[in-house]
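Undergrad: One structure is given below, represented as structure tokens, and several questions about it will come after.
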Amino acid sequence: MIKIAPFSARSARWEGWERPGRAARRATPFHGLAAGLGVGLPLLLGLLSGRPDRGTLAAIGAYLIAVAAPTGPYEARARSMAEFIVVVAVGGGLGGLLAPFPWAVVAVITATVAGAVLLGQVKPVPEFAVLFTAVRPPPTHPLENMALMALGGLWVAAILLSPWPFRRLRPLGEALGAVAGAVAAMLDAAAAGLREPATGAAGWEDRRRKAAAAMRKAATTYSLFLSGQPDAPNARPQRLLDGFRRMIHRTVGLEAQIRALTAGGALPESVPDAWRSETVAAIGALAAEARRLSADLEGARPPSGGGSAPMSPDLADQAEDVWRAAGDDRDGLLNAALTDEITRTVDRLHSTLESARGAFADRSPPGPAVRVRPVARAADAVAEVRHRSALFQQAMRVALMVGLAMTISTAFRIRHGQWMAMTVLVTLHATYGETMSRVGQRVAGSAVGCLIAAVVLALTPSRPHAALAMTLFAVVAFTLRPLGYTYWNVFVTPLSLMLMDLSFLADWSIALRRILLIAAGGAIALVGTRVLWPRQAAREVPGRVDEVLSACADLTRAAAAVAEGEASRLPDGPLAATRKAIDGLADLRTRMENEPDHDPGQIERLTTLVEACGRIRDRLIAVAGTTGVTSGPRNPVARVLDRTADAIDNAAAPSGGFEVSGPLDDLDERLAREAHRRRPAHALPDRTVRGLAATRRTLDGLIDDVDDLVGAVSAMPRP
């Protein structure tokens, strides 16, 4: 214990130094500067022209567009911001028109909230546009409101889009680079599992999820570049995406093979340490090359050229030596097969990475295009209403609670009562736990922000000083926004407070009143989560479980088709469906955990099911990618997979039986027969024997995972 303490202290000090560095990398100073200029210039022009009220309206438009500013390709950003500018202008005009009629504002805000949530609008820009203008003393005609807010939005949009000519492909490059970096992290985890079998591949599941998420984001980003152009002539990014997809699948297979080889917590004695050292070094070189490719794609430095060194010939020779030393011993044969397959997988990963670098060398950029799909979005919203989906329930929940907050404010004529509605709007989530967390951050951050605003306004009570303070708050708030919701609230609260009303510049009672109103809004949000459609997540369990079982069974049958030679590889459809089903079940489990008085046993069963399905998917990828596993009809591997698919399909049946001893015995007999018949002394076995032997231990792990799956499902309460 004494020896560990200095290391722990060093680790703590290192973590202390690393935390500010991570925060600095996540901060967005350009966005902060753009928001500051977007808000500050209209305020300055309003002061110089003697019409600060008009300058404030334009600043509100700029602020809302800065809040809504999307990421992704600049063409998509421009389209999205154009849509938001129209929404902000219409909302500003509507708010000014309804300002003399408080009850009309209540009805319109409630309807706007419901529509925005149903249409998938995460950022509350339409609602804020109406609220910000409806609660202000209307300085101009509603049409002038629209024009001023639109001009403010156009101004900040022009600033945010100013790098477009110079950084047009940067979002796509960053998305592709993130995939390459995630692949490198997966390779590091796989190498760690081979280097230290006792600890396994540390953080493997987390790195695998991040790689899948990065892959989806990159595919989405590329689709925005080529929206409406499915037959685009330039396919360089698509070649990179295809290469990264193969690398992810092969790395998943590599980790599953390493896990099977080191299932006993140590490297088998028949496998030499020299082979392990060479393999770990080769995987590390692949990870380093993937990181270089990531840096090149992200534009962190000029293209480095070159490529990873080819795999050492000694590695393949050592794998063959393991085969020759195995003899007819069953365990030795299986260890040799896995050693050989890991070596081949590393070689295939090297080839795939070289192909990706070759695609990157083609510098011709893709041609972008964008399109608007309002009809499709409206149709999706109608479908959500028709099916009374979870999104529909959330839309109704938020709309009703916002309407309640506005009703209380209007009925009792509470000054600045809109802060209750704003708090409900930004804190009410689908589960009690999420809402509680959000309310706590909102109340704490806003309380500090209100106090800061009161101090600043007390020290600088004139309008020019207030305009300067708002500009600085905008810069800091939007710079720190990615660091967390609390930081964002601390600095955006005084900004929005002053944008809505500067009539009482130094009244401390207003700051205290707003803190109380924010707390009241948080209480309304918590009540809404508990009263309206509570514990809805638990009702989704049977459907989600059926979905994930069906997806895993389909993927297992697809792997059986590969083993029988009916397909060359696992199709993308079953893989995508399995990933979606697993992610959906994991999200459902998280939502259930966030509900009060949840069933810990059910949460544990869902966790077991999610983890088992993830391992089943990984092992199926490994089996389907094993060299030589295909051996035609009556393939014992295919028969095991067919039985496994049936067991997954019938996991919820009362019997819950799972018996594959017959096909496994056939596989063992065939391996023994092939080894005796085709293997003279010191000769290498043929491809079929290698493939069947390499899958044997992976199938053992697959069967254990299916047992876990069946046990978790059969223990769940019957609907």
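Cβ coordinates are placed from backbone N, Cα and C, and glycine is handled just like the others.
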Undergrad: Looking at the ranges 175-194, 395-414, which is given as transmembrane segment in TrEMBL?
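TA: When 175-194, 395-414 are checked in TrEMBL, transmembrane segment belongs to 395-414.
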Undergrad: Okay, the transmembrane segment (395-414) and the transmembrane segment (515-533): do they have at least three CB pairs under 8 Å, pairs separated by 6 or more?
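TA: Yes, the stretches contact each other.
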Undergrad: DSSP-wise, what's the residue breakdown of the domain 'Integral membrane bound transporter' (404-527) into helix, strand and coil?
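TA: Per-class counts: 103 helix, 0 strand, 21 coil.
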Undergrad: If you count Cβ pairs under 8 Å, which stretch among 55-72, 84-117, 146-166, 439-459 touches the transmembrane segment (395-414) the most?
TA: 84-117
Undergrad: Taking contact to mean 3 or more CB pairs closer than 8 A (sequence separation of 6 or more), are the transmembrane segment (146-166) and the transmembrane segment (466-484) in contact?
TA: no
